[in-house]
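Take a look at the structure set out below.
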Amino acid sequence: MGLKRKKISVIGSGFTGATTALMVAQKELGDVVLVDIPDMEDPTKGKALDMAEAAPVQGFDAKITGTSNYADTEGSDLVIITAGIARKPGMSRDDLVNTNANIMKSVTKEIVHYSPNTTIVVLTNPVDAMTYTVFKESGLPKERVIGQSGILDTARFRTFVAEELNLSVKDVTGFVLGGHGDDMVPLIRYSYAGGIPLEKLIPQERLDAIVQRTRTGGGEIVNLLGNGSAYYAPAASLTVMAEAILKDQRRVLPTIAYLEGEYGYQDIYLGVPTILGGEGIEEIIELDLTKEEKAQLDKSADSVKNVLNVLQ
């Protein structure tokens with residue numbers, strides 16, 4: 001039995017899906033199948049062909065194909081879901097809930113039919129509730145259904161800190177926990193620049209401003225674009241997760257995980273520090289939180305529960 005390349009299916013060929021497909025192919029993480037609805041099949045094939053023709057120029061070996069037929073996803077090692085309607089200016093994430101939940105259900109049925117042993121990463125907003133929906137619909141073990149938000153939120157936080165200190169983003173580390181909304185919890189105590197705690201480098205009022213900008217980071221881009229939402233940084237975040245899983249890297253990354261008692265929460269998907277590897281979420285890291293941090297996380301968890309309650 002010869003070795004085969006890994007297979008990655010990306011569901012949704014919009015800006016985020018297409019950018020993710022290209023990024024995972026450029027890293028040679030596996031062959032990529034880009035999937036969209038039948039009405040979008042030709043544009044999806046066109047995008048895939050365009051990317052495939054970049055391969056000889058950039059020197060990466062990965063097949064990229066476009067389709068609307070889920071049979072083409074059969075045997076996927078990893079499936080990334082970006083499908084769904086996007087948030088428009090003035091629209092709350094909650095407005096998206098039921099439309100996108102129905103999309104998640106139909107997509108998940110197809111995925112697990114053709115790839116019963118896959119791992120699924122969800123990006124579609126509101127992501128905590130959509131990941132929960134996919135988990136319940138899929139029947140997969142909890143560690144193999146994972147949501148993306150913490151890497152993106154942490155990346156935004158690190159960007160703003162690096163700007164503030166005029167330092168390399170590589171030297172800034174941090175953790176943003178909780179839901180992917182205005183109640184997310186950037187943990188300043190666990191955030192460093194070159195190993196030095198941020199509280200020693202940045203005055204409190206500037207830190208507070210950075211935290212606030214991080215919380216509204218997605219909305220800031222939505223408003224600037226005027227049509228659509230962020231996709232480069234979200235795609236980069238998905239690619240980091242894909243690499244950690246497909247290469248069994250056991251990276252410490254904030255992801256949206258199913259909690260059964262961790263941090264005191266039950267039956268909820270919430271952003272927490274995890275070890276991400278070949279089995280998906282291999283471990284949930286429970287940090288010691290102050291009363292204030294725990295109260296913030298409680299508020300964030302309540303926001304996620306409120307969205308779940310909107311689900312019909």
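Cβ coordinates are placed from backbone N, Cα and C, and glycine is handled just like the others.
What Swiss-Prot says about this protein:
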- Gly12, Ser13, Gly14, Phe15, Thr16, Gly17, Asp36, Asn100, Leu123, Thr124, Asn125: NAD(+) binding site (BINDING)
- Arg87, Arg93, Asn125, Arg156: substrate binding site (BINDING)
- Ser149: phosphoserine (MOD_RES)
- His180: active site, proton acceptor (ACT_SITE)
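Nearest Cα neighbour of Arg156 (substrate binding site) among the listed recorded positions (Gly12, Gly14, Leu123, Asn125, His180): His180. Sorting the recorded positions Thr16, Asn125, Ser149 by the number of other Cβ atoms within 10 Å puts Ser149 first. Recorded residues Asp36 (NAD(+) binding site) and the residue listed as 'phosphoserine' have their alpha carbons 22 Å apart, per Cα-Cα distance. Using the residue listed as 'active site, proton acceptor' as the reference Cα, a 10 A cut-off selects Asn125, Ser149 from the recorded positions Gly12, Gly14, Thr16, Asn125, Ser149. Ranking the recorded positions Arg156, His180 by other CB atoms within 10 A of the CB puts Arg156 at the bottom.
Distance between Cα atoms for Ser149 (phosphoserine) and Thr16 (NAD(+) binding site): 14 Å, as a whole number. A 10 Å cutoff on Cβ-Cβ distances gives Asp36 (NAD(+) binding site) a total of 24 other Cβ atoms nearby, all chains included. In sequence order, Thr16, Ile80, Ile81, Thr82, Gly147, Gln148, Pro234, Leu238 make up the list of same-chain residues 6 or more apart from Leu123 (NAD(+) binding site) whose Cβ falls under 8 Å from its Cβ.
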